[in-house]
């Protein structure tokens, strides 16, 4: 066998395809690779549907012709300038929310630790509202306000929940309380705004891709892609943190530094999404657990989670636009789905806890 390839090995959680040389290689779960490929196919199909459907009638072959560079004119404008930014936002933001959810669920070792439940999304929205209402807005200012709001919310939750270590259950309970306080703060800020700004911000707060224009989507998507590219560098530390702080420290992981960097990445992902689309629920909660059940391997697979998150948000946005008779924000669809999923997850966790203690 050549030095540039390595065989498929069997490891915990199933077979892994090891690519590279003896000194530098990467191991990819075969089942995870299959899930990622399936998610990519579904995303591509939904993306074509998203570029095809709309008020301006198009044929599928026209959409494919524009993507292939064979058709220009008004059709090209409709596909590439009007519809593509929204589709790209749904894909990138869905992946971002999925990975952010996986990071928090792994760090806390609790499937309920989602940014939208523990208050990070509301914190980012609070920071964005302050930037919008008090400093006049501007995309870069909104992004900065969203990031600072999310970081302050995460810091407050961490400090309030830390007692001789970080308990996942305590972290979630404190996060729910902080989230409620931030939601009340957001309502107060909206009440103090002028009517036009308040209506715009309220629609934004529902979680919507209606404002996903090229001017704001491409910079935000660039930030998201950069963060997603950096995240795998910390995947090994994240996997060790899932086993507990003591185990991670014994394996050589700098626990506090790794956790801080991972939280910063997750908050930045949520902030980038919130700046353009507002707080979107359900995706960060469900995508990691769905990916985990599909891959059937230990831990939460980041790549598969990103793919599942993209499928969930893009699919929900298509439902919001074209299935429901009235056009509604995508956040309304995800909240509706998320309520049922959260109820199922709570029942599942209660049953699992009773089974483990019996």
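First residue shown is number 1, and so on along the chain.
Note: Cβ is positioned from N, Cα and C throughout, glycine not excepted.
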> Which stretch does TrEMBL mark as transmembrane segment, out of 60-78, 117-135?
Replying inline: 117-135
>> Can you identify, from 87-105, 201-219, the stretch that TrEMBL calls transmembrane segment?
In response: 87-105
> Same chain, outside the transmembrane segment (87-105) by at least 6, Cβ under 8 Å from its Cβ: which residues?
Replying inline: 43, 47, 50-51, 111-115, 118, 120, 209, 212, 217-218, 220-221, 224-225, 227-228, 231, 238, 262-263, 265-267, 269-270, 272-273, 276-277, 280, 283-289, 291, 300, 302, 305-314, 317, 330
> Given the transmembrane segment (33-54), which of the listed stretches 117-135, 224-243, 263-287, 299-320, 326-347 has the most Cβ pairs that are under 8 Å apart from it?
Replying inline: 299-320
> Thinking of Cβ pairs under 8 Å, which stretch from 117-135, 141-161, 168-191, 224-243, 326-347 has the most of them with the transmembrane segment (263-287)?
Replying inline: 326-347
